[in-house]
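Per TrEMBL, the feature signal peptide maps to 1-23. Under the heading domain 'Ribonuclease A-domain', TrEMBL lists 22-126. If you look up TrEMBL, you'll see Cys42-Cys91, Cys53-Cys99, Cys71-Cys114, Cys111-Cys128 marked as disulfide bond.
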Amino acid sequence: MFPKFSFLLIFAIVLSLTHKSLCQDWATFKKKHLTDTWDVDCDNLMPTSLFDCKDKNTFIYSLPGPVKALCRGVIFSADVLSNSEFYLAECNVKPRKPCKYKLKKSSNRICIRCEHELPVHFAGVGICP
């Protein structure tokens, strides 16, 4: 009886974490992925908690308008690949240094998930998965 309960509890926790990470809105997308500075301070911008650090995050150096324009006409959930490149700042956690990050700058096309003509999820760089 106990192992079955443990499995269900773990499954419920994992499901709730997945749901939280996939359910975003435009305001959350902007906060997580748009920046107005090319010199991103990863150590201060990356969300952290006492016991957990995010492995990586990609910031798009752009005003909201050009990113939002990618979703024009997309009513239902769909991944959209930009035709032009954006400047990107990728923060990756440093090995053996919890919650300390290394910045990698690049430019590339971006893939974002759009819902109701708004970006809600950063799906990738270069191609859509």
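Heads up, the Cβ atoms here are built off N, Cα and C, so glycines get one too.
Sequence features, as recorded in TrEMBL, placed on the structure.
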residue: Cys42; record: disulfide bond; DSSP class: helix
residue: Cys53; record: disulfide bond; DSSP class: strand
residue: Cys71; record: disulfide bond; DSSP class: coil
residue: Cys91; record: disulfide bond; DSSP class: strand
residue: Cys99; record: disulfide bond; DSSP class: coil
residue: Cys111; record: disulfide bond; DSSP class: strand
residue: Cys128; record: disulfide bond; DSSP class: coil
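Non-local contacts of Cys42 (disulfide bond) by the CB criterion (under 8 A, 6+ apart in sequence, same chain) comprise Ala89, Cys91, Tyr101, Lys102, Leu103. For the pair Cys114 (disulfide bond) and Cys53 (disulfide bond), the Cα-Cα distance reads 27 Å. A Cα-Cα distance of 26 Å separates Cys99 (disulfide bond) from Cys111 (disulfide bond). In the predicted model, the domain 'Ribonuclease A-domain' (22-126) shows an average pLDDT of 92. Of all the disulfide-bonded residues listed (Cys53, Cys91, Cys99), Cys91 sits in the most crowded Cβ setting, with the most other Cβ atoms within 10 Å.
In this structure the alpha carbons, written CA, of Cys128 (disulfide bond) and Cys71 (disulfide bond) are 14 Å apart.
Counting other Cβ atoms within 10 Å of each Cβ, the lowest count among the disulfide-bonded residues Cys71, Cys111, Cys114, Cys128 belongs to Cys128. Distance from the CA of Cys71 (disulfide bond) to the CA of Cys53 (disulfide bond) is 30 Å.
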